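J.: After the structure tokens below, expect a handful of questions from me.
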């Protein structure tokens, strides 16, 4: 086990001091597992308003931070990030999960068509309703999308824990990222079901989103089924701490 480490150390010691410093500063050669950048690199700030703000309006602290960034190491901005007003990290995550075979152009097009279909359906419902009912109809597709996913998020999940040679499904509270992931996964899985093969993806997804927005549909039922299973296994909840 020690031989490879000694070999690497000798290889590093054979390099000149200037070469070693240059290699250590290269992000692609930094010895950090699964990371392109070393811990010294800071996350990029993708905000046009921050850079458009004149220097005269900055506070002393903001001036110091801006001057400090001139000498700091900054990570490259991700290719999918943008400073557009339409940028939504949740929709971007949903688009990436919906993507198949790396065809992000198609996934993004389907997402745009889905939001357009949601808006068309809500406006049709709005114009067909009475004056009193129009005030209760939500027409913003972004608000409907976020609320639909929020309604699909489970609060408690099941985790297999080995105890006495057997695996038990133990109920545990889920973190926010896991809740959001399950809601998106269930929504996409239901839309890819083979029951309605002739229905296009934007039409199916918009229908599922509107159902989830009103706390209805198979995705909401799937969340309730998971909660019922967690309630049935609540006697095993103490296995979390063992």
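Positions of Cβ are set from backbone N, Cα and C atoms, glycine also.
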J.: Swiss-Prot annotation N6-acetyllysine: which of 81, 104, 150, 208 has it?
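T.: Annotated as N6-acetyllysine in Swiss-Prot: 208.
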J.: With respect to Swiss-Prot, which of the residues 42, 119, 228 bears the note N6-acetyllysine?
T.: 228
J.: What whole-number Å value do you get for the CA-CA distance of residue 208 (N6-acetyllysine) and residue 228 (N6-acetyllysine)?
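T.: On Cα coordinates alone, these residues lie 22 Å apart.
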J.: Which of 208, 228 (the modified residues) has the most other Cβ atoms within 10 Å?
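T.: Its Cβ has the most other Cβ atoms within 10 Å: 208.
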